[in-house]
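Have a look at the structure below before the remarks.
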């Protein structure tokens, strides 16, 4: 494939280190310079710089956010300066590149269509996907992929994610993370994923989550969120996602949190309680107290003396049509043995 992430990353970090070492003994860099260095290292941009993604051979869609980490920081060419990446064919455009070709099996990337087609035909992940199966239903399979074992795969996945999550910054310390990737059962094409920090002092059960554009509006986000809480439940911890959430992430979480709270209060363990505390709700749902409070406010179901109005919950359920299908995850398909 045309680009090696490790080469691009090394080129970027070495240039940053060179600038820092070259300034040793001089005045400290200004806040503006520090900001520029941060943008170079994490690829943070205020506007889109790649117009569209060719994802596999037959999927094409626009990017949502810009990212500089695909490019040499000085030439703005794809990869490091010694490669022959092409600038955007659109002159005087905001875009550094018109089309980025991304393998839908392994997320390796190039700006050369011929090389891309050749890679896709022989990509090993087309025939053997990485990771270990942790959930397998007739519809969907979730695999755990360790960043320490599949470093390049996970780095390329994180790079791709930066084009669709505005708060996704880290992409190179993947050995500290596990990635839970969802596939259609029987397929080798990833549809989305969430990552989990292995050394989270806040005991977060999710670092970031993304369903890839071609597979959105299928309920896969709710499936992965529910799975992340199932992992926490098996670990015996009250947990939740890393904050801040992206705007789309917050929408997904509020829907899941609303469903789980409604179920426990209307049909579940707390249905016959005259009074419940925030701690009760936290224990039975696995949600953090702050997330419980946020969701109850979102449901607009808190009345005088902090009473919970069940009619408000039933109204929400009627509006969203979720009462007949409370959960997407089925325990009988879990394969969690470690």
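Placed from the backbone N, Cα and C atoms, the Cβ positions cover glycine too.
Residue ranges 73-99, 100-126, 127-153 are listed, and Swiss-Prot annotates 100-126 among them as zinc finger. When Swiss-Prot is compared with the stretches 1-31, 32-62, the one noted as region 'Disordered' is 1-31. Sorting each residue of the zinc finger (100-126) by its DSSP state yields 13 helix, 5 strand, 9 coil.
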